[in-house]
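So the structure is just underneath, and the comments pick up after that.
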Amino acid sequence: MKEEIPPRSPILDEQPSTPLEHQETSQSVDCKICGDRASGFHYGVHACEGCKGFFRRTIRMRLQYEHCDRNCKIQKKNRNKCQYCRFNKCLSLGMSHNAIRFGRMPESEKRKLVQAPVSDSAAPDSPVSDLDVLSQLIHSSYMNTFTMTKKRARDILTGRNSISPFVIHDMDTLWQAEQGTVWEQLPTQNLTGTEIGVHVFYRCQCTSVETVRALTDFAKRIPGFGTLYLNDQVTLLKYGVHEAIFCMLASLMNKDGLLVAGGRGFVTREFLRSLRQPFCHIMEPKFHFASKFNALELNDSDLALFVASIILCGDRPGLINPSQVEDIQEGILGALRRHLKASHTDAPFLFPKLLHKMADLRQLVTEHAELVQSIKRTESSAALHPLLQEIYRDMY
């Protein structure tokens, strides 16, 4: 019988363990591509998990990147900036899909691979019909899990919805919103000028916790997720939920503010900027990301597959069986690539651009986690929700 994460306890019950195979070369050898710590010998060279996954996706998905003549220097801090030069460096240093991928595998599995003939492709392409079915399943699960879809959010933001949200732009309107206009009143919260930033921080946490629980339900509906080790399910959610949250948050934003409480309220960007430090810095980076992400003009079916691929990411630290996760993710990425090709015929580079956005989301989450930890240290009244505290623990 398969193990499952308890419905209302996502992520919390276990701490990811570190694979025993992560010991041989990764402690002292740098990635030949970007200089990060290598996790093993992948595709013919010592490489980190990030560069291994990048090379694997590029080969398997037959990606083509926009040409670059600058011969960009590839380092850990900028390795996601130029995919063309990064792939060229992989090739120039000897990475090959024909090379045996040792990585973090048990010795018995490595011996089997050495003895087996090496094929041109590490896995057969999924039949087109299977990819279409996968797309439909994930899209259906997404729409059944999340009530605030991008279409609904855009209808509200553009005035196509008959009901306008209550606009929160100062202390008075926030107070009205807290009296039941937008949110259910919180009996323990007392809004004063000195506590306004803390209160907004608390509201952000409430929304995050609700979304984490919804993402957990969505993840359990993704084909293949339930077959993973429980440890790996927990690890994937721990590292993936905030990337998914900020991806979906972009749908609720425009340049002037964001929708809250299922579209019942709209908090202005200027009001969020007016909060005292450090709370004024919480949302601004998300607006910057949203402006670029929304320019890609994704719809809900695109987002469903993209969010699923974020969750099923095989290079998360502490996975027991990363190759199993990678196999599931590659099926999802194959479905996403096919779907984008069919629905965005005028955007041939949309798929690699989305892969780049995965890296942008990681950086956004890293910066957010650092800010949250700083608030936790410096603001005695700004308590962190236990679920979020568990997610952030030992993460960055």
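Positions of Cβ are set from backbone N, Cα and C atoms, glycine also.
Source: prediction; values computed, not measured.
Record features (Swiss-Prot):
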type	residues	note
REGION	1-24	region 'Disordered'
COMPBIAS	15-24	compositional bias 'Polar residues'
DNA_BIND	28-102	DNA-binding region
ZN_FING	31-51	zinc finger
ZN_FING	68-90	zinc finger
DOMAIN	166-394	domain 'NR LBD'
Long-range environment of the zinc finger (68-90) - Cβ separation under 8 angstroms, sequence gap at least 6: 31, 33-36, 43, 48, 50-51, 54-55, 58, 352, 355-356, 359-360
DSSP-assigned states of the zinc finger (68-90) in counts, ordered helix, strand, coil: 8 helix, 0 strand, 15 coil
Stretch-averaged pLDDT - the domain 'NR LBD' (166-394): 90
